[in-house]
Amino acid sequence: MTTTARRYIGPPLLLPATSYVALFVASLALGGAVGAFSTPTTSAADVVAHALDHPGAAQFVSVIQLGAAVALGVFTATTTSAVAARGIDVAGLQIARLGGYGASILLAMSAVCGWCTVELAQIGATDAAKATSLLAFATGGPAHVVFLGLLLAGISVPTLIAGLVPRWISILGLVLAGVAALSSLSFAISPLQFLLPIVRFPSMIWILAIAATLLSHTDNESR
């Protein structure tokens, strides 16, 4: 369903998009370097050891990740508003908001759990540190990616149908959304965890591409 088009009012889409990508990539790079991330197969002793090796850096990773979560939420709000400004009023936008805000909240929860893991490790609460590390993985891994897929699908369907962005961007979003849905099975089937980065990293390309094209199309339409 379409309604009367109106001018988009809000910040440039590239601002939250580039902020999210930059902060998230930085958190992954620093976290990988200091061993801040663990998987369900990481032993409790290793979780504590990694947390105590670089406690300050590990908690700074959580700060950066929290910033990325906020940027993703802002990107969701601005992008859905930009699509709506084109006169596109469909259920997909509500699905995109559910997915984007959900992915943002889950990423923030993962950041908080990562911070708690370091605090618990410093007081010798090994089992509790292992528990929060599991929560950090679950919320920032499979759960985050599944909701991110809803954001991709919710934006890609209306932009593809209405031709608001180059077709390859919408198609990429739909393919990644399908892989994201499949990755939910990684909760029960551990080998499927390889699907998580397959969605996570290409989705950053999608986010930047949407931000670079959707707003310019909206602006041109408004002139």
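Using the three backbone atoms N, Cα and C, a Cβ is placed for every residue, glycine included.
According to TrEMBL:
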- 12-37: transmembrane segment (TRANSMEM)
- 57-77: transmembrane segment (TRANSMEM)
- 98-123: transmembrane segment (TRANSMEM)
- 143-164: transmembrane segment (TRANSMEM)
- 171-189: transmembrane segment (TRANSMEM)
- 195-215: transmembrane segment (TRANSMEM)
Stretch of maximal Cβ-Cβ contact with the transmembrane segment (143-164) [cut-off: under 8 Å; candidates 12-37, 57-77, 98-123, 171-189, 195-215]: 171-189
For the transmembrane segment (12-37), distant same-chain residues with Cβ under 8 A (at least six beyond the ends): 50-51, 53-54, 57-58, 60-62, 64-65, 67-68, 71-72, 74-75, 78-79, 82, 114, 136-137, 204, 207-208, 210-212, 214-215
Beyond the flanks of the transmembrane segment (195-215) by 6 or more, those residues with Cβ under 8 Å of it: 8, 12-14, 16-18, 20-21, 24-25, 75, 79, 82-83, 141-142, 145, 148-149, 152, 155, 159, 164-166, 169, 172-173, 176, 179-180, 182-183, 186
Spatial neighbours of the transmembrane segment (98-123) far in sequence, C-beta under 8 Å, 6+ residues away: 36-37, 47-48, 51-52, 55, 58-59, 61-63, 65-66, 68-70, 72-73, 75-77, 79-80, 129, 132-133, 135-137, 139-141, 143-145, 147-154
